[in-house]
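Structure, as structure tokens:
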């Protein structure tokens, strides 16, 4: 699998490259700036881009913008965003095209490299992975009203939907919660019924549906993102 | 003579008015004292009330002179016609009326909401008309100028002006919780004192006097015109006072000095000093008076002039002199002085809070991330030693180190968020506030219209101001919903945070909102809170942004 890495901190970039090479990935390019990233993505057409949100030249959200631009030109280009912080707004922008193949993780998650490698494979395969912190925030946002369908979920169902939103498969959820895969699928059916979402066997479509549901806060009155 | 010309009548009307003035003076004095106690001492404007008190005391004393003389003459059988010297009166009735009405309004309405600025002149006009009317009704036989027209004008204008005054009192200029006693006493008092002076001066200059009856035989048209011109003059003066209160105040002080000097000179006071001959009256021949009465009259004119001169001199230090000193370069502009003081205060606060913030960050780093890094280093060091002897234990230590590093990162993230939220750096104020709203545990709508980025320090100050207000609402208001509006118009950034909670927020209590106020003050921003018990709470902030 060919990967482009964009990270401006030299040590972190080298560390990532070393980790990925050790796991048998091929590094198509490693760059330290947003223009470099865009060029590399358009030239190399990698299987995945691992992108730090904050990159030169302006050290703001250049990485995200470059990645989104590249995704416009190459639809479905898998992007895994890494950042020191998670913002719901960035998650929304990343998920806006509803086509999957995106991930958004805190940089810390690289520490547990097995999990990180799983994420890389999932995103490269067109899946969607959200950092648990993003999901926690989204669930907090939806759980605010008393009459929310979300508040009708049982504790177990909340755990399941949380893991589901992070992008985990049924088997991963089952492992995590020490329950059978069958139980997970039962819970997920119940969740989808309670939220009035169309059930889906496709893991990725299921993730996207859950995330879209969590993000569409009704009566929220928010202005659409200006970018 | 003040306040009534006296034509051999009983001294009681003058006595009543003197008493009324004295009562006003006492009330004004008490109001001044109460204000001093509540801490409004030392401001230049605060001193304005005292000349009024002094002026009233002086006026009462001065008014008592003719009453006294009248009584004297009556007792000595001087024969009725005591004294009237219209040309010596600086308007007599009108300043007296204004003075009293203004002071009454000031003193009796200390807890009213700030009235429209024309309430005092309106009240004064009513009082003046009433006095005029009473005068003509009380002295129907003595009134040489008493015509049916005067009475009719009084009949019409009193109710009309009264309606105006009531309207002015009923509908306050704004809903701002400004108390007359706290904020407007000095200006009301200044008005009460200066308005009549200005009116009188202009009237004297133009030979017009609103409250001077037209002479008999003038003809109705001319009398009405006279009256209307007087009214227009009054209006012009009021407008002038509202538009240029400082200039009017200075002018009035100078005018009082001028009229005082003129009165003294004309009275022949100077004659005894061998300086000035008695001048003829600008309004016609001086009535033929018995010698003794004429003497008294000129003495009274002198006293009147002395009082006016004293009053004018008293007002000079707070009106003309500061301007003069400033023009001569002796004194700095008070506006500049105030600005410098504001800036020094806000700068000290900004520097202080920046230092406190640095100390907090230092402490957080020291207790948190730094400590964890030390632990990580030690763990790794031990693990390094054990890696061959006890690989199992070494692995456990390494895992511990990794967990500690994750925790250190988490803490650093929190710290950075508190210093300068990444979203603020990335996308600016609008998106940062939107992100803040998204992260709240309550539904929070945002209406943000900020097409351009603002200066970094301003964005940061506004962000933390909003964050603090929102945190307050979430913590204390028991709100179910929040709304943040933010728009830039005319070089002013206006931010509004509305919650549907229990209300009762008060910047004076608790440090949260006061802190926000201070934070914004460094940028000349202001904060206003409307939070009635039961809600809703609206916190509005306005910050200039060039």
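From the backbone N, Cα and C atoms, a Cβ is placed for every residue, glycine too.
Looking at B:297-321, B:322-346, the range tied to transmembrane segment in TrEMBL is B:297-321. TrEMBL assigns the feature transmembrane segment to residues B:248-265, out of the candidate ranges B:248-265, B:266-283. Looking up the ranges B:220-241, B:352-373 in TrEMBL, the one annotated as transmembrane segment turns out to be B:220-241. Using DSSP to sort the residues of the domain 'Histidine kinase/HSP90-like ATPase' (B:463-544) gives these counts of helix, strand and coil: 24 helix, 29 strand, 29 coil. Across all of the domain 'Histidine kinase/HSP90-like ATPase' (B:463-544), the predicted model scores a mean pLDDT of 87.
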